[in-house]
Amino acid sequence: MATMTEHLTTNEGQPWSDNQHSQTAGQRGPVLIQDYQLLEKLAHFNRERIPERVVHAKGAGAKGYFKVTRDMSAYTKAAVFSGVGKQTPLITRFSQVAGEAGYPDTYRDVRGFAVKFYTEAGNYDIVGNNTPVFFVNDPLKFPDFIHSQKRDPRTHARSQDMQWDFWSLSPESVHQVTILMSDRGIPASYRMMHGYGSHTFKWVNAAGEQFWVKYHFKTNQGVHNLSNELAAKLAGQDTDYLQNDLFNAIEQKDNPSWTVAVQIVPYEEGLNYKYDIFDVTKVISQKDYPLIEIGQMVLDENPTNNFEDIEELAFSPANLVPGIEASPDKLLQGRLFGYKDAERYRLGANYEQLPVNRPQVAVHNYARDGAMAQNQASGVNYEPNSSDGSTEVPTAQVHGDQLTGKTGHYAVNDDYYAAAGRLYRLLSAAEQTRLIDNIVMNLGQVTKPAIQIREVRQFYQADPEYGQRVASGLGLALEQIKI
């Protein structure tokens, strides 16, 4: 049975007779300003683009579900993690951190790993990366860090000097830099990389008991990475290589999946742990707190429209549901504000009302109006009120932490090198060699020897062999890097 062709219309729904020729004064005359269909088409075209994300601009995503394999109600009252077999719809976005929207997918960079769960208590977002740590642990340094990874204000080119200058002056970055320069710095596929919530979060159960938690997404496809040579070749052949790989796999029903696991730390133990569990540049040892599998994440549906489903998709670590709370992690605290503010700039004041961001439960509050608002009918728009308006939910109350101390700007004098050293020693001999080669290739492009020396000193403090091998590759004498 033949399907009826839909008629072309204007944005206001009026039939459009001719989309091939402008109205003119005669066959060879000028175009008429009364051709409102032409004006509408040009005006809309001029406004098609929205600001790209200030970070994570290049990305791809898919829809799917999370299935509980272990009931976690003993640790959290969040319904999304309770009831074996329960499924919750979700959407993901994988991304590159520093590159712009058109940047090659196979550039060496940390990858974003963000998941939005559409739960019965509202949207819950885990906004992480494919690495368990990050470069900085204070939100005050985040804008400077991103500036150093992007383009030089004068040359408008990416600058190895800028990147390594910042890293060499930020010792907390050495753990993440080691991961970035390892094989994991260029994933072969979004499907073939792990994901992490990175920060420590708090779980609270129905009895009010509190636990610290770390999220891990372990790929069921196995971890696979690209060599520098293959990555460079693919960058010239297919700038959207990772995006196409994800889309094509799902289109062919080769649906990727991840085993979702957590590390759970009792509340008081976390406060007294040997490392600061609220420092995102560090990990919690799995020997001390092993992974506990809680479910499976499966991606089985591609975007229907990439702009509507992925470009307008907005994540925030502040999107928490009862039973899950923020921790005192400083960088996390900054992100609680930063992400939502970025989306208001990028998508507008009412971005939560866009279909992909809209929760699958009814929204009842007293926010009204603003650009592109779909208001809540004729309901009262203030509170408290005597009109049977929406009421508070005491059971959703946040469980606070006992805090003491004098307000001020505190520098953390901590050991940022031990974790990078442990990671270096965990690598195989071949992996260590590739790590050294990658660092030498990138750090070797730096034009200022002082930057090279500062950075190699960090590697040396992490592990003397690590630093000596990098120094040798750069032609630096051992005396130059010893402190």
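Numbers run from 1 along the shown chain.
Using N, Cα and C of the backbone, Cβ positions are placed for all residues, glycine too.
Going by TrEMBL, these are the annotated features:
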| type | residues | note |
| --- | --- | --- |
| ACT_SITE | H56 | active site |
| ACT_SITE | N129 | active site |
| BINDING | Y339 | heme binding site |
| DOMAIN | 9-391 | domain 'Catalase core' |
| REGION | 1-26 | region 'Disordered' |
For the domain 'Catalase core' (9-391), the mean pLDDT of the predicted model: 95
DSSP three-state assignment (helix, strand or coil) for H56 (active site): coil
Whole-number Å value for how far the residue listed as 'heme binding site' lies from H56 (active site) (Cα to Cα): 12
Helix, strand and coil residues within the region 'Disordered' (1-26) as assigned by DSSP: 0 helix, 3 strand, 23 coil
Recorded positions compared (H56, N129, Y339) - highest count of Cβ atoms within 10 Å: N129
For the residue listed as 'heme binding site': DSSP state (helix, strand, coil): helix
Cα distance (Å, whole number) from the residue listed as 'heme binding site' to N129 (active site): 15
